[in-house]
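> Structure incoming, see below.
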Amino acid sequence: MAAVAAVAARRRRSWASLVLAFLGVCLGITLAVDRSNFKTCEESSFCKRQRSIRPGLSPYRALLDSLQLGPDSLTVHLIHEVTKVLLVLELQGLQKNMTRFRIDELEPRRPRYRVPDVLVADPPIARLSVSGRDENSVELTMAEGPYKIILTARPFRLDLLEDRSLLLSVNARGLLEFEHQRAPRVSQGSKDPAEGDGAQPEETPRDGDKPEETQGKAEKDEPGAWEETFKTHSDSKPYGPMSVGLDFSLPGMEHVYGIPEHADNLRLKVTEGGEPYRLYNLDVFQYELYNPMALYGSVPVLLAHNPHRDLGIFWLNAAETWVDISSNTAGKTLFGKMMDYLQGSGETPQTDVRWMSETGIIDVFLLLGPSISDVFRQYASLTGTQALPPLFSLGYHQSRWNYRDEADVLEVDQGFDDHNLPCDVIWLDIEHADGKRYFTWDPSRFPQPRTMLERLASKRRKLVAIVDPHIKVDSGYRVHEELRNLGLYVKTRDGSDYEGWCWPGSAGYPDFTNPTMRAWWANMFSYDNYEGSAPNLFVWNDMNEPSVFNGPEVTMLKDAQHYGGWEHRDVHNIYGLYVHMATADGLRQRSGGMERPFVLARAFFAGSQRFGAVWTGDNTAEWDHLKISIPMCLSLGLVGLSFCGADVGGFFKNPEPELLVRWYQMGAYQPFFRAHAHLDTGRREPWLLPSQHNDIIRDALGQRYSLLPFWYTLLYQAHREGIPVMRPLWVQYPQDVTTFNIDDQYLLGDALLVHPVSDSGAHGVQVYLPGQGEVWYDIQSYQKHHGPQTLYLPVTLSSIPVFQRGGTIVPRWMRVRRSSECMKDDPITLFVALSPQGTAQGELFLDDGHTFNYQTRQEFLLRRFSFSGNTLVSSSADPEGHFETPIWIERVVIIGAGKPAAVVLQTKGSPESRLSFQHDPETSVLVLRKPGINVASDWSIHLR
């Protein structure tokens, strides 16, 4: 959905002129992103204050006499040498090669927000012990692994080592800045603090404060500390400045990734002299590319990679956050006392990372790898893995704003059948609801929604309807009345219901940080409450940043009040996660906990992967937007959000046929595959294109559906282990420096390499095939190429450059039907691509495709296929799973094989049987026809 500047084009109903006039005055109407509507660091007072602090000796000192070491953690006080304010550092060793530390005020005037509901559990502890000590430092040893932590007292600093190698330093540049809470000055005292949890700022210093010592530079209240104005919006700050900042130094690291969401390259850029990367969930109309502006979601996780090591930093803070990246060269002289702990000589490259958040505490997890797969598992152990989606959601989704009415929906449904195109889901945008009242249907356009859903169900198709988290203020609207009467809306500073302007006009915003609100919302998806809904109706949560058309930066006022007395500034980036969570819970509960939900959300945070899919938002029908979808989804996958996609064709503008074809080809090889379009664009259903383009799109859809068993297995692996589905090349080839900057091609699992064509009029692409000693097979021609090399590959409009790695086995369905549900019992064909050593392996996950029985009743199959010594073996990769299925093995295609004299099938309890085969000597492809064995059975095929 588009934001403020899209309103002029989007509103065609009676209130359109009011919205347009109002928003035109407030924010201005433009044809692209208006940067003036969004803050720079200079315009964000806390970012400006934090960034004004330059590297140097830290004013903080650790009071080693206060150190206490317990079974779960170490605590020590930190003192600011100027203000004499005390902080407390809590340090924990964690199992699985992780460390956590938290810094908070020792005696806060008011508790600071600690982010709940992101961690799936309290991480298990690996005890710390003191292994050395002198007058200015303490050496700690972790119970797991060869790790030591050096706590230096003056200036305060942490260094984390593996054996005698320095991995990471904290506050090495002296940029720790913790704005402690204080009483407002007399000149600032005219404003009363907001009603919250009852804690009121005092008007006099705390006991022990020394006024003459609190008037130094660190105590000066700079502009914006107690009140801030941006454009026409005033932000009261009743609790004063409360920002936190800290630096991390990563010696040996030159390549860092993560901290999505940004429309930028995969590798993070140095931000010195420019804008930091911003993490603040915002509805950005027609966002620009290749800059660090905030977008719809925020995941405060940064990954660092070199050929020998991977590390992660997880900054658990839900407030507005800025991240500075700088490049350095660290010689031994930089480390001072750390000389004693370092080996080698000379200088080493270094990346420095600086985090700055408006409120909250400093809560950091250090993920120590050592490999990137270890980092993925470590992060997944903290925040959970990608939810296993229902099979249908991996098919093709047809959407636009908006399908007009029931007849239009059913015509689109029939169009896919008439043109022999597969499709699983049709989508409805905001116009389907009665006056933008969510959980309702427009009675003139959708008078019989259940009948429409039944018609789709008869075709084994689904419907997704939008349910946004803003509620029309209307006394006759049951949803609004209940929320108001129950007191479940976000409040203003004075305690009244917060109202903003969005699609329905004046709207209330449910307080999803309140567990009672989330339970109420989940209950709204029951079939009784959501009238006209049915089991094949699923949900789209748009605008959940939250988007407020007349709010500052198109979002909510920061001094709005949430459950527990917290301000919106404390919880902003987690709001969208809570919407996603409550909706997914609702879809799960409506089936009695049996059915897996499908929910697409635009805003997200760390942990959102547990609740469904995300997409890259309101993109544009331009070639650069096609290109940028690759690094955007790769970045999301690196931080756990594997189920990602981009609007095929671009949301804004009308794509030329070539661009639309190329987008379908790319979308077919990205996890979430949905075409979507703006209200004012032309209709884009594939059959409306000239026949030559329609045929190419049909082929792209066919490739997607053929690979559904492979996609489903990849999503299960992401769900089980936390590894991304769509991977940068360096994840699989961590020592190949050439791969570290590549973001125009990617891997699906470890088997397929995809290089989409993303340039207009392209006649060829440069494909990098990685891996010393690897071979790669073109999946269409079976031509073999050796790695590592850069290959020029000629392309036509019908080309999708995809290669299968030698050494992998990919399962496919070869009969493309109208939807995935129509294919789920079809036989499997195995594509076995042999390595130079004549080996290959792969997996296949199967279950019923839609319930939680794979979890609750162990009803699933995970089969492992292995080829070596001219023998293909099928065995169980997880003996705990059991699932009866009619699926059988129809064919085996072995790529890179010689011609055997005979092929023999062996199954337990049955005599050997010979299989017919066909061999093509030009392509070295051997096809084994109709082994006819159930996919759940153990068997072996021998080439003799």
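Glycine too: its Cβ is placed from the backbone N, Cα and C atoms.
Taken from Swiss-Prot, the feature signal peptide applies to 1-28, supported by sequence analysis. Sequence annotations record features per position, and here Swiss-Prot assigns disulfide bond to Cys41-Cys47, Cys633-Cys644 based on similarity to another entry. Annotated phosphoserine per Swiss-Prot: Ser52, in sequence order, evidence recorded as a large-scale study or a structure entry. Marked as N-linked glycosylation site by Swiss-Prot: Asn97. The region 'Disordered' annotation in Swiss-Prot covers 181-238. Sequence annotations record features per position, and here Swiss-Prot assigns compositional bias 'Basic and acidic residues' to 203-236. The annotation substrate binding site is assigned in Swiss-Prot to Asp283, Asp429, Arg602, His676. Under the heading active site, nucleophile, Swiss-Prot lists Asp542, citing a curator's inference as support. Taken from Swiss-Prot, the feature active site, proton donor applies to Asp618, supported by similarity to another entry.
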> Which state, by DSSP, holds Cys644 (disulfide bond): helix, strand or coil?
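DSSP call for Cys644 (disulfide bond): strand.
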> For the residue listed as 'phosphoserine', name the DSSP secondary structure in the helix/strand/coil scheme.
helix
> Could you state the CA-to-CA distance between Arg602 (substrate binding site) and Asp542 (active site, nucleophile) to the nearest Å?
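Taking the Cα atoms only, Arg602 (substrate binding site) lies 5 Å from Asp542 (active site, nucleophile).
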> Just how spread out is the substrate site if you go by the largest Cα to Cα distance in Å among Asp283, Asp429, Arg602, His676?
17
> Sorry to bug you, but what's the C-alpha spacing from Asp283 (substrate binding site) to Ser52 (phosphoserine), rounded to the closest Å?
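Roughly 28 Å, rounded to the nearest whole number.
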> If I restrict to non-local contacts, at least six residues apart, and a C-beta distance under 8 angstroms, what lies near Cys41 (disulfide bond) in its own chain?
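Those within reach of Cys41 (disulfide bond), by Cβ under 8 Å and sequence separation of 6 or more, are Cys47, Lys48, Arg51, Glu275, Pro276, Arg278, Trp322.
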> Cβ-Cβ under 8 Å from Cys644 (disulfide bond), same chain, 6 or more residues apart: which ones?
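Sequence-distant Cβ neighbours: Ala613, Val614, Trp615, Thr616, Met632, Cys633, Leu636, Gly637, Gln670, Pro671, Phe672, Met726.
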> Which number gives the other C-beta atoms within 10 angstroms of the C-beta of Ser52 (phosphoserine), all protein chains shown included?
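If we count other Cβ atoms within 10 Å of Ser52 (phosphoserine), we arrive at 9.
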> Between the recorded positions Asn97, Asp542, Asp618, which lies closest to Asp429 (substrate binding site), Cα to Cα?
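Given the candidates Asn97, Asp542, Asp618, the nearest one is Asp542.
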> Taking the Cα atoms as reference points, how far is the residue listed as 'active site, proton donor' from Asp283 (substrate binding site) in Å?
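Answer for this pair: 9 Å between alpha carbons.
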> Can you tell me how many other Cβ atoms are located within 10 Å of the Cβ belonging to Cys633 (disulfide bond)?
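I get 28 for this one.
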> How big is the gap, in Å, between the Cα of His676 (substrate binding site) and that of Asp542 (active site, nucleophile), rounded to a whole number?
13
> At the Cα level, what's the spacing in Å between Asp542 (active site, nucleophile) and Asp283 (substrate binding site), rounded?
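Asp283 (substrate binding site) has its Cα 10 Å from the Cα of Asp542 (active site, nucleophile).
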> Mind telling me which of the recorded positions Asp283, Asp618 has the densest Cβ neighbourhood, counting other Cβ atoms within 10 Å?
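Result for the most crowded candidate: Asp283.
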> Using the alpha carbons only, what distance in Å do you get between Asp283 (substrate binding site) and the residue listed as 'N-linked glycosylation site' once rounded?
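Here the two Cα atoms lie 37 Å apart.
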